[in-house]
Amino acid sequence: MKIVKISPRGYCYGVVDAMVIARNAALDKSLPRPIYILGMIVHNKHVTDAFEEDGIITLDGPSRLEILDKIDSGTVIFTAHGVSPEVKQRAKEKGLTTIDATCPDVTKTHDLIEAKKAEGYHVIYIGKKNHPEPEGAVGIAPDIVHLIERADDLKTLEIPTDKILVTNQTTMSQWDVQHLMEDIQKKFPTAEFHKEICLATQVRQEAVAKQADVADLTIVVGDPKSNNSNRLAQVSQEIAGTKAYRVADVSEIQLEWLQGVENVAVTAGASTPTPITKEVIAFLDQYDPMNPATWERVRKVPLQKILPRVKVKKEQ
């Protein structure tokens, strides 16, 4: 079996920055304990499990405000997906120490929404409902931001001004966003468009679109909650025309997927630890359908190998 290692793949700078911020927090003895992450720091359970070993507690729930209600003391880390001003204010009122690990690309979108609100605009925001990134973006100005996920959402959308800005969740499929923007243009011809697909998401999607078409199958390594991982599988199937499966790690690979497969492409979401992806590639590389000794699919990567290394500051 030939392995097509799609490049680029895996971690983006926003994810690495967020994890380094959280690791440094774990090592900082001056921070009030306990230390919580408000939601998953990035959408990967292997990462959150590794942080649990570091003594950082991940709390998840329907919304950031509801999660925050569970916390009465200590330190709170805001995830790479960003949070609303209301969440920041609530944390301040509760006397919590806060650390912001918001991805710079997400912050840029928040700043854009604030600027356009000041100019009297309404904002159409293309994103996934119940995902933390749109939750934070809508929370910047809930009175003028309208979340849409699909074309059907436009049917009932009415906006009381011609001053309209259209932007989007950074991890969406660029093709889906483009199609929705075309639909929006038809209904709101005066709308201004500001596509915010982050560069890391864009180049990973384009790599799959261009490189997966030579494969019989694409394996996307990523957490089920990772929107960008799910979009990579979608791009493989809809743009490259190659059947795709998303797996959290090697243990989720089904042998029947590999029947008759000669070329398999492998990519990974922006929040997927590199050792987890390498383990998937190693399994596929040695797999022989005629040799049961090569069929074992067990994740063996230790949690201490999941997180990026940080330098421990020496005490003065």
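Positions of Cβ are set from backbone N, Cα and C atoms, glycine also.
Here's what Swiss-Prot has on this protein:
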{"type": "BINDING", "residues": "CYS12, CYS103, CYS198", "note": "[4Fe-4S] cluster binding site"}
{"type": "BINDING", "residues": "HIS43, HIS81, HIS131, SER226, ASN228, SER271", "note": "dimethylallyl diphosphate binding site"}
{"type": "BINDING", "residues": "HIS43, HIS81, HIS131, THR170, SER226, ASN228, SER271", "note": "(2E)-4-hydroxy-3-methylbut-2-enyl diphosphate binding site"}
{"type": "BINDING", "residues": "HIS43, HIS81, HIS131, SER226, ASN228, SER271", "note": "isopentenyl diphosphate binding site"}
{"type": "ACT_SITE", "residues": "GLU133", "note": "active site, proton donor"}
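Feature annotations (Swiss-Prot) mapped to structure.
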residue: CYS12; record: [4Fe-4S] cluster binding site; Cβ contacts under 8 Å, 6 or more apart: CYS198, ALA200, THR201, ALA270
residue: HIS43; record: dimethylallyl diphosphate binding site; Cβ contacts under 8 Å, 6 or more apart: ASP223, LYS225, SER226, ASN227, SER229, GLY269, SER271
residue: CYS103; record: [4Fe-4S] cluster binding site; Cβ contacts under 8 Å, 6 or more apart: GLY14, VAL15, ASP17, ALA18, ALA80, HIS81, GLY82, THR170, CYS198
residue: HIS131; record: dimethylallyl diphosphate binding site; Cβ contacts under 8 Å, 6 or more apart: HIS81, GLN169, ASN227
residue: GLU133; record: active site, proton donor; Cβ contacts under 8 Å, 6 or more apart: HIS81, GLY82, VAL106, GLY127, GLN169, THR170, THR171, ASN227
residue: ASN228; record: dimethylallyl diphosphate binding site; Cβ contacts under 8 Å, 6 or more apart: THR171, THR201, ARG204, GLY222, GLY269, ALA270, SER271
Run through the Cβ atoms and count how many others sit within 10 Å of the one on SER271 (dimethylallyl diphosphate binding site). 29
Max CA to CA distance in Å over the dimethylallyl diphosphate-binding set HIS43, HIS81, HIS131, SER226, ASN228, SER271? 15
For the recorded isopentenyl diphosphate site formed by HIS43, HIS81, HIS131, SER226, ASN228, SER271, which further same-chain residues have Cβ atoms within 8 Å of the site's Cβ center? MET40, VAL42, GLU133, THR171, ASP223, LYS225, ASN227, SER229, GLY269, ALA270
Near-site residues: [4Fe-4S] cluster, ref CYS12, CYS103, CYS198, CB cutoff 8 A to centroid: TYR13, GLY14, VAL15, ALA80, PRO104, ASP105, VAL106, THR170, THR171, LEU199, ALA200, THR201, ALA270
Most crowded position, judged by CB atoms within 10 A, among THR170, SER226 as binding-site residues: THR170
What does DSSP assign ASN228 (dimethylallyl diphosphate binding site), in three states? helix
